[in-house]
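Copied over from Swiss-Prot, here are the features:
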| type | residues | note |
| --- | --- | --- |
| BINDING | Cys35, Cys40, Cys46, Ser273 | [4Fe-4S] cluster 1 binding site |
| DOMAIN | 47-262 | domain 'Radical SAM core' |
| BINDING | Cys61, Cys65, Cys68 | [4Fe-4S] cluster 2 binding site |
Amino acid sequence: MNIHRKPEWLRKKINPAAHGAMDELLGELRLHTVCREARCPNITECFRERQATFLILGAECTRLCSFCNVTKGEPLPPDPDEPARVAQAVVRLSLAHVVITSPTRDDLPDGGAGHYVATVATIGRVAPATVVELLIPDFLGSRAALADVVAAAPRIIGHNVETVPRLYAIRAGADYGRSLAVLRTLRELAPGCATKSGLMLGLGETEEEVLAVMADLRRVDCTYLSLGQYLAPSRFHHPVREFVLPETFDRLKELAEKMGFRHVESGPYVRSSYHAAGYGGGTRTDQPVASGCLSDQEGVSAQ
């Protein structure tokens, strides 16, 4: 297959005119979205349906992952008014499900965990019925930071392993074992909270390696999985090594479901936040849940 030319199934059109109102609102509230910063191919579809993944803690990342289009540089301090603006957007868009993510902020003592907590709390005050999903960085493996995020009681917490261990050089500053440990710790701190992870395919991995990662994710009791095609944002980013066939995504979805993932999104255009509301709202039906991630018996203050 010619990897320099996208196949027919990967030629989704982006139409900026279709989401002018969404652009206007985000500009008014001075909010970033990963949809724009990462040049997501689903932006027209999601913005037209008034769905967005909000990017808090600025638009500059402290790591240099070779696959990512988020700006690298020296970030600004967290904006204390940002949580209120995100909450205002949730209300004005009448969102039933909102996804919050951020660049990696290794420059902050808590990695930005406190800003996540403030954002979840503010949304909870003004839109208590909205399901809040977080897609977090690894916080350098800090259990204290993870405990703070869990205590804020989002319904779903995601952390992407992104690729197979052999290719982790593309994730500057990241560690495969640490990412698995993050997901394991989230489950230990809040057994009733759904966890989620995702992989990009087409980076040069083998199917056997993908299946091994899926097995690792199940060993840390990861609830949800997303599998999508990697598309290089520019010629300066890590190149696409393969355009994975749609039927391969279908087969991997079937295998993942047999492994025990509660819900799987798998397809060329799938991204970790794509069709986020379809994952079931985040409550694990096999665990008692009183509020978000925390059940009546749980607490993290002593961790």
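Even glycines carry a Cβ here, placed using N, Cα and C.
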Other C-beta atoms that fall within 10 angstroms of the C-beta of Ser273 ([4Fe-4S] cluster 1 binding site): 29
Taken over the domain 'Radical SAM core' (47-262), the model's mean pLDDT: 90
